Amino acid sequence: MAIVASLPTPGLNLFSSLPLGKDPTASSSPSPPPPPIPIPKYPPPLKKSKNSANPAFKIPHLRTKYYKPVKDGGGVIASDGDRSVLVGDSGVSYLLPGAPFEFQFSYSETPKVKPLAIREPAFLPFAPPTMPRPWTGKPPLKTSKKKIPVFDSFNPPPAGKKGVKYVEMPGPYPFGKFPEEGKSREEILGEPLKTWEIKLLIKPHLSDNRQVNLGRDGLTHNMLELVHSHWKRRRVCKVRCKGVPTVDMDNVCRHLEEKTGGKIIHRVGGVVYLFRGRNYNYRTRPQYPVMLWKPATPVYPKLIQEAPEGLTKAQADEFRKKGKNLLPICKLAKNGVYITLVRDVRAAFEGSPLVKVDCKGMEPSDYKKLGAKLKDLVPCVLLSFDDEQILMWRGQDWKSMYPEARPSISFPAELDIASGSDDSGKSDDDCDNSDAKIVSSSPKMMLLWKHALESNKAILLDEIDLGPDALLTKVEEFEGISQATEHSYPALVMSSEDGSSNSISTFEDDSHSENFSEDDMYSDDEYYDSESFEELETSAPPGSLSIDLIAEKLDKK
């Protein structure tokens, strides 16, 4: 009873860790500690005024659907004094005072079609003529008293100077000639390069990676200054082209020469070597303003139409259905070199009216540009870009690259070369074929053909429309006959009874008995000079050769 009396009251928790005198059910809310840095109080945001005087706030955002149609006449759509934005058949161009030509973002890849509308306000993407210094929080630096000379190609720094990169002198020049200041392109290029000079200029650039990369945008405006920066220290600038521009490399090379003023001295694949000229001077180079941003591409007419030219909508849909099961002629890789694409498409149109090119993995804008180029270069009609593939139709005005019938050679009527008989014994079938295309040959070619047939080095086919297997059989049979004739030399061996002497008389062909000489072959050709075919004596008088003297000495011994 004493132990029970010593226990605490029933409502008390014996295992509580809280100190005595505090109620655990009581709620306690301690005050947070004061922040180490006071919270700043910002002023309320300014209300946007509806009537803002600054035109910069009125420029729409790039994501807005800006669409401004272009007038039929085109011309100037925006101007700022002498600086203006033009729209014409060559797209959007920019005209600045004193510029040698109209500036564009891309000179080689701009479509030759007048745009329908522009996607952004017409602003010049160049710096204004007078731009104030932007605020940087510091006063402007004082002008330096040290005058840095402008780089002069005719008077470059010495080769051994410390901190100066490699610089090539102007040239090359023939012995005794020196650089001359030139203003026009012909004066700067100088005399045409010789073959050994071209090899000498190209050799150090073959394995060098110092180059200008030309991509899907083609020759852009800022590349002009980049090419001149390469010409500052080297005579040749290496340009490597990849992607869409390589479909028409002639167009790229033409714009490179026109805009830079250089000369292409070598071209292999997508690599072009651009020579600056013998009298090039970096100090007097044309200086162009830098384009600060890429302008938005205008809206051009659609390449794919529901009813293309020469087809109805039902016919076009039928061609598109057939194109689904058509195998592509090639698979184009991204950033590849497509030099032979136009030739491959033209060759494919010889066997099929529809041609498909696989462009999977490429950007949509890339294979659409490819289709636009093929439409003009092949030419052809575009049907679809479905499934990242270009489907083309050769069109109604398509003409084959090969003639319809091969022309036959006409021989004299009184002689049948194949059989050696007269034409009087011709059959009715031969008379029916007389209406075929006949091309009259010159007497020189007639003599050559006649001599080849008689010497069994050529054969005259009776049938022209032979299959591949039949033609191969004819060729194999003729090879056996011609080799047997060429490698067999019949001779008559005559020997005396005592065996003291024997003589060999070579076989003379009857064809050589006819009056056939080189003078007759080249008598009608004015290209050949008579002095170049002088007759030379091939037989020497007996006893005049060195071998005769050696034989006499051996006989005496």
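Just so you know, glycine gets a Cβ as well, placed from its N, Cα and C.
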According to TrEMBL, which of these ranges is region 'Disordered': 1-56, 393-448?
1-56
In the predicted model, what is the mean pLDDT computed over the domain 'CRM' (191-287)?
93
Per DSSP, what is the residue count of the domain 'CRM' (191-287) in each of helix, strand and coil?
41 helix, 22 strand, 34 coil
Treating G and I as helix alongside H, and B as strand alongside E, what does DSSP give for the compositional bias 'Pro residues' (30-46) in helix, strand and coil?
0 helix, 0 strand, 17 coil
